[in-house]
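What TrEMBL records for this protein:
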type: DOMAIN; residues: 130-414; note: domain 'SAM-dependent methyltransferase TRM5/TYW2-type'
type: BINDING; residues: HIS219, ASP257, ILE258, ASP288, GLY289, ASN328; note: S-adenosyl-L-methionine binding site
Amino acid sequence: MQLTLPLSLKGMIELDRNQFTQIIAVPYINIPVEYIQLKQLKDILLILHSFKNVRDLEPRLKQILLDPDIIKTKNDIIKCIPLIEEYIEQSFDFIQITITYENYTIEQIIKAILPDDLIKDKSVNTGSGYSLIGHIAHFNLRDEALPYKHIIAQVILDKLPNVKTVVNKLHEIDSVYRNFEFEILAGNPNTIVRCRECKAIFQFDFAKVYWNPRLSTEHERIVEVLRPNDIVFDIFAGVGPFVVPASMLGCIVYANDINPECFKWMNINLKKNQPKKSSREYYIFNLDGREFLRTITLPYIENYQKQIIEDKEKFQYLSNSKIVILMNLPGLALTFLDVISEWLSINIEEKEQWILPIHIYCYTFSRDEDRIEDIRTRLKLILPNINNDQILYRFVRQVAPHKDMFCVHINLFNKKKKDELLTMKTIDNKDTIVKQFQQNFSE
């Protein structure tokens, strides 16, 4: 049913729930209980938020409230459900019901309150676009919607029982630690949250670390390609959305983040998500990304590759494994690849003997009209000696109008045939069209 709300609600700054109360007339019928499961009946029921449309009359008799937008007369019901014509003839009538604030959805309330020009502007977040992080609802409201920020926050608290705190982002991420300023619009000021992702429980202080629930699908996609005994290096690990499930899977994990708060919570999350019967092998660091690459990642990779060649026991244990380097810092991650480029240019003959393939997943943004060509051009300047058939480009998500996030997957030292390499596919979250990006694999 389409509810019409009073025009007096437009521009409301302080929430007055009583103004949402109205009395409407709706059709009803009384039928025996055995007929309430009829499919045709479900199509014409009165559907409102938090509203009971079937009422008890007698032990075997029910009163059914119907949608007045669909049912105008008893003949409308008879046409839909001739099987119960007798009961329709006997009982069809209209009844007055009271609709209150409780019976409206978040979207209906916000639409009733905000000016029409804001509702029509699709670029303005008017309250329907928010992220849930544990008990926190996180908004990124545009300037045009800020006069209504407190009333939007109150509606969210009212309508989402699990939300205890509503915050609004104040600035873009511009700190080395990747956290951002926000203001608490309503609710409890507690910003330490617990949330579940990839079968793991994460805990952290949302005010001091970076966490984006809209990347959960990407985290799952990477975890799905991992196998026990894979060796994972995460250069910008945050609180562990990649490495915690990787460790639970049985991967050997080396995780780093420059933010001391991320280091603290990543340690907590890794410990709390360890299997009860056996602990996993993991190492965490609080270093700059370049330092972690130069002093930990690349030397350890060399050591693993040498051990597999020289040690038969290590060969049997790790020969089917792979090395994975994760670089999820889209604003800068590509620029860190110069460390790997320099490393690849030395001891080339020795590296050609390596057994373990290396997969680098490096994330970046692009605003260009041809996103793939833009990323390819920038990557070629940093890694000039990597062939096109070693690189896959995959759309991840749209982060802003005309700005997309991509994953660049680089295969190194992979001796498998090209047709055995992983085909990277993704679903465009905007229009659910499957996109596939491959470079010369079919040639």
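Any Cβ shown, glycine's included, is placed from N, Cα and C.
Counting neighbouring Cβ atoms within 10 Å of each of the binding-site residues (ASP257, ASP288), the lowest count belongs to ASP288. Contacts of HIS219 (S-adenosyl-L-methionine binding site) defined by a Cβ separation under 8 A and a same-chain sequence distance of 6+ are given as GLU197, CYS198, PRO241, PHE242, PRO245, in order along the sequence. Those residues noted as binding S-adenosyl-L-methionine (HIS219, ASP257, ILE258, ASP288, GLY289, ASN328) have their most widely separated CA atoms at a distance of 22 Å. Mean model confidence of the domain 'SAM-dependent methyltransferase TRM5/TYW2-type' (130-414) amounts to 93 (pLDDT, 0 to 100 scale). Less than 8 angstroms from the CB of ASN328 (S-adenosyl-L-methionine binding site) sit LEU215, ASP234, PHE236, GLY238, PHE242, TYR361, TYR363, each of them six or more residues away in the same chain.
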